[in-house]
Amino acid sequence: MAVEADSALIRDGSNRMDEELLLENAPLSQKLRNLTYLTFLLLGVALLWPWNSFLSATSYFQQDVFGGTSIYAKIYVSTMMSISTISSVVINLWLSRRQHSYSQRVVRGLVWEVLVFGSLCALVSLHKLLPQGVVFSILMILVLVSAAGTAMTQNGCMAIANLFGSEFSQAVMMGQAVAGFLPSIALFGLSFIGEVKSQSSLGIFVFFLTTVLISIAATVAYRAGKVGACDSSDLAPPHSYEDQNKQNTVPFAVLYSKLKYVVLAIFTAFVVTLTFPVFAANTLVMGLPLHNSQFIPLVFTIWNLGDLYGRSISDHWVFQSTFFTPWKIFLYSVGRFLLVPIFFFFNINGTSHTSNRVLSDMCYLLLQFIFGVTNGNVVSISFMKVPTLLQTDQERKAAGGFTNIFLSTGLALGSVVSYGLVFFLESYK
């Protein structure tokens, strides 16, 4: 059995190298014809879509389920954000210490998402039969389980993507950007049909059902493509996991010494980026022939389009050359702080009095596009750089969980910063 497993791993390693070389300088159209690349892209979509589903249903739960003025409506967003971010950090820390069974984590996390959003479909249909407190408690439990499922899938997914190489890490990043862009453009389109805040139970049910179907599709593609076959721990007998883990565990100190500037770039990028939704919600239209209920979804769409574009250009030779060192990636990430003060030159809470009203709106949209491009670009470059900085497959797999710790802590700190920014903008004149 051991000989067969070793032979399988050698063949698999050779196949992975061939695929990476084939796609290294290939255009996006060619990459999208590669089954493995498509599988990782679909996994990326499945990673972010659940969170977008919760965000998209915010108004529905606040207004329709909790009545708009109840205590549950008022604390829904803050409680959901806190549970999701804090649990993600804790779970990622726990998973990163257990450096085995990455392939199983991918599937297990996706199955959890299917169960969560299947339950949400039932809750949307039956919530009127339950007290608001019970509905709220069930929702928060489902948020917690969904965060755990996402962390589990992302931990396994990035570990295996690191084994395949930079191009496949980019595929995951691209999938996440697609999951951000599609809902935003849908909401922008709906803003012309009716008030965005008036969400029907049927619409939310369909959104949650879509999440179930995406998770199932990602699971099927992952299993059918046998992408997880490269995880050697899944070829070993279950009783040997702990022994393998003790022998092959890569200390965090080793990973940090090799990935320090890359993970700090990821952390910094998300801290800066979470200021974007606050500015987007508080900067009002001036000259464009749109209502604010249409302009704000347009801003989210523009940002997400920039994010998608930034991730798509990350495999350009300039960003992947040895000249673009981890230190320079970190400086690039920190440099995005310089974009934040520029937002104050625009119409925050209707405070701007410029005469060039249309030009002001267009410049603001351009700034949001640039903010999105730089986010997608620096995050993708950072994740794509990870496998090139490590020497062994064991290090590359362990780096999947290690990088996720900095991603989730960046999101957690960014959430705290965004709360402070909300209070600041409320008093901004």
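Every residue, even glycine, has its Cβ placed from backbone N, Cα and C.
Database features, via TrEMBL:
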TRANSMEM  35-51  transmembrane segment
TRANSMEM  71-95  transmembrane segment
TRANSMEM  107-127  transmembrane segment
TRANSMEM  133-152  transmembrane segment
TRANSMEM  173-194  transmembrane segment
TRANSMEM  200-222  transmembrane segment
TRANSMEM  261-280  transmembrane segment
TRANSMEM  329-350  transmembrane segment
TRANSMEM  362-384  transmembrane segment
TRANSMEM  404-425  transmembrane segment
Determine whether the transmembrane segment (71-95) and the transmembrane segment (133-152) share at least three Cβ pairs under 8 Å, counting only pairs 6 or more apart in sequence.
yes
Honestly, do the transmembrane segment (107-127) and the transmembrane segment (200-222) touch, with at least three Cβ pairs under 8 Å and pairs 6 or more apart in sequence?
yes
Six or more residues beyond either end and a Cβ under 8 Å away: which residues meet both conditions relative to the transmembrane segment (329-350)?
261-262, 264-266, 268-269, 272-273, 275, 279, 282-286, 360-361, 363-364, 367, 370-371, 374-375, 378, 381-382, 385, 425-426, 428-429
